[in-house]
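J.: According to TrEMBL, the protein has these features:
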type	residues	note
TRANSMEM	31-52	transmembrane segment
TRANSMEM	64-82	transmembrane segment
TRANSMEM	94-119	transmembrane segment
TRANSMEM	163-185	transmembrane segment
TRANSMEM	212-231	transmembrane segment
TRANSMEM	237-259	transmembrane segment
């Protein structure tokens, strides 16, 4: 589809200009080296250094300062995910958000996990840790009672914590914030990201399907969480009610999405067969119409 044709919400979508047209950094740099999030990494390193003595003195775990060292990467990763809402990229913002969800927690988590352990080299920190351990060596943040407790043994834990918790937070932001935002306010990008037909005839149906799909994805994550929580709270009956009711709602939304969306068959044909997706009801009607016209 040409850039000047189609519905208004597609014409206004300028996310697909080339790098040369926009005179901006190469795509991979914009994806994985966003300026503000990496500045926040430096801020979090400084915060780790400033707080490590407080964590060392917290032998009983009475404060939450240790969480800053364990999950520091959540801050820059979260910003990197949310900025896909207002920044423009060569690829759809949804694709950028998913790519950052996978890659940035690994990069930023490695950096902040390593620095979270190395800040223990700050003068006096080890003495503070030793002074706040119990006689058996136990410390809430730097436990020595079962061996370990030094920088080398702590390093894998801080690195893994700074990788996987931010990845979970990023996924939550994508599902609860980014996908709904694009589905309801920038459906053109949502449609392109899912390789749907961008023609004027299919625009309204694909936009409606995109919004229903965004709600469906939220339910996929929210309903199991709600049923498990209700069961743990002793509300097993309500857990069954919520589970069954939302299953019916989910099936209804799935049927609605399949009925409304029209794929971009040419674009999807370039993908491996396993990634071309299911055949929608609209696709079947298109095929029947084409067959009848021959």
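Every residue number used here counts from 1 along the chain in the order it is shown.
Note that Cβ sites are derived from N, Cα and C of the backbone, with glycine treated the same way.
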J.: Tally Cβ pairs under 8 Å between the transmembrane segment (237-259) and each listed stretch (31-52, 64-82, 94-119, 163-185, 212-231), then give the stretch with the top tally.
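T.: Comparing 31-52, 64-82, 94-119, 163-185, 212-231 against the transmembrane segment (237-259), the winner is 212-231.
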J.: Between the transmembrane segment (163-185) and the transmembrane segment (31-52), are there at least three Cβ pairs closer than 8 Å, leaving out pairs fewer than 6 positions apart?
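T.: With fewer than 3 qualifying Cβ pairs, these stretches do not touch.
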J.: So if I exclude everything within five residues of the ends of the transmembrane segment (212-231), which remaining residues of that chain have a CB under 8 angstroms from its CBs? That is, six or more out.
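T.: Long-range Cβ neighbours of the transmembrane segment (212-231): 172, 175-176, 179-180, 182-184, 190, 194, 238-240, 242-243, 246-247, 249-250, 253-254, 256-257, 260-261.
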J.: Which residues of the same chain, at least 6 past either end of the transmembrane segment (94-119), have a Cβ under 8 Å from a Cβ in it?
T.: 31-32, 37-38, 41, 44-45, 48-49, 52, 69-70, 72-73, 76-77, 80-81, 84, 125, 151, 154-155, 158-164, 166-167, 170-171, 173-174, 178-179, 182, 189-190, 193
